[in-house]
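Peer 1: If you scroll down you'll find the structure; I have some questions about it.
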Amino acid sequence: MTHSNRMLLGVNIDHVATLRQARGTRYPDPVKAALDAEEAGADGITVHLREDRRHIQERDVVLLKDVLQTRMNFEMGVTEEMMAFAEKIRPAHICLVPETRQELTTEGGLDVAGQEARIKAAVERLARTGAEVSLFIDADERQIEASRRVGAPAIELHTGRYADAETPTEVAEELKRIVEGVAFGVGHGLIVNAGHGLHYHNVEAVAAIKGINELNIGHALVAHALFVGFKAAVAEMKALIVAASR
């Protein structure tokens, strides 16, 4: 989550909370998952507190802020409620993500270019908490330029279209978009992270891209953990990223 010469792994624990909320139980505990992830080599922990509270709850975020040994990457929509909460929690990293249809691009990233004044105000306000603010956007030059204009020091490129690509041609096209987006972002002085839909069979090509600071991965880790345990799932992903990014 901080700029590094080696590629970092941010572990998203949202779907541990999804499993808990499915039955309204106290288990499985996303905080325990976060601590296990750190032990297994995670460089940071990502959580998304959604307006509908479908997985992570405020209490999870408060507890994580107190116990994490790495850093929290707090994903949030651009709302007054979330801004006030972030100001109270003061996470090390904040990533602004789309939550409503109006904020989405067709690909699924935040439409920064279409709402620059609103995003600029949010970035400036959140930066005053001391957080490094990033924007979850498509690997699109227009959105990357807008991200720089609004003052965000970092971006997270949306890798969902690459993850969803089915034919070798589509995969190559989407990977090329990411490669070009990374180069364009780095060229504009931005810290470039990436994530969404990455799993054990598609992560290596993205991890091999020079210039990416961190990959944020969640659902694939939680799914694999059902069979191998959470620490092993994280360690396996970390090893893939380290090997591919050498």
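Glycine is treated like the rest: Cβ placed from N, Cα and C.
This is the feature table in Swiss-Prot:
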type     : residues                             : note
BINDING  : ASN12, ARG23, GLY197, GLY218, HIS219 : 3-amino-2-oxopropyl phosphate binding site
BINDING  : ASP14, HIS15, ARG50, HIS55, THR105   : 1-deoxy-D-xylulose 5-phosphate binding site
ACT_SITE : HIS48                                : active site, proton acceptor
ACT_SITE : GLU75                                : active site, proton acceptor
SITE     : GLU156                               : site 'Transition state stabilizer'
ACT_SITE : HIS196                               : active site, proton donor
Peer 1: Fewest other CB within 10 angstroms, which one of the binding-site residues GLY197, GLY218?
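Peer 2: So among GLY197, GLY218, the binding-site residues given, the one with the fewest Cβ atoms within 10 Å is GLY197.
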Peer 1: Need this for a regression test: recorded positions HIS48, ARG50, HIS55, GLU75, GLU156, filtered to those with Cα within 10 Å of HIS219 (3-amino-2-oxopropyl phosphate binding site). What's left?
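Peer 2: If one measures from the Cα of HIS219 (3-amino-2-oxopropyl phosphate binding site), no recorded positions come within 10 Å, so the answer is none.
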Peer 1: Could you check the recorded positions HIS15, HIS48, HIS55, HIS196, HIS219 and say which one's CB has the fewest neighbouring CB atoms inside 10 Å?
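Peer 2: So among HIS15, HIS48, HIS55, HIS196, HIS219, the recorded positions given, the one with the fewest Cβ atoms within 10 Å is HIS219.
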Peer 1: Taking the Cα atoms as reference points, how far is GLU75 (active site, proton acceptor) from ARG50 (1-deoxy-D-xylulose 5-phosphate binding site) in Å?
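Peer 2: With distance taken Cα to Cα, ARG50 (1-deoxy-D-xylulose 5-phosphate binding site) is 8 Å from GLU75 (active site, proton acceptor).
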Peer 1: Just counting, how many other CB atoms are there within 10 A of the CB of ARG50 (1-deoxy-D-xylulose 5-phosphate binding site)?
Peer 2: 16
Peer 1: Counting distance between Cα atoms, which of the recorded positions ARG23, HIS48, HIS196 is nearest HIS15 (1-deoxy-D-xylulose 5-phosphate binding site)?
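Peer 2: Out of the listed candidates, the nearest Cα belongs to HIS48.
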Peer 1: Most Cβ neighbours within 10 Å: which of the recorded positions ASP14, GLU75, GLU156 is it?
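Peer 2: Checking each of ASP14, GLU75, GLU156, the winner is GLU156.
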Peer 1: Roughly how wide, in whole Å, is the group ASN12, ARG23, GLY197, GLY218, HIS219 that binds 3-amino-2-oxopropyl phosphate, by largest Cα to Cα distance?
Peer 2: 25
Peer 1: Under 8 Å between C-beta atoms and at least six apart in sequence, can you list the same-chain neighbours of ASN12 (3-amino-2-oxopropyl phosphate binding site), or say none if there are none?
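Peer 2: Once residues fewer than 6 apart are set aside, ASN12 (3-amino-2-oxopropyl phosphate binding site) is near ILE45, THR46, VAL47, HIS48, GLY195, ASN216, ILE217, GLY218, HIS219, LEU221.
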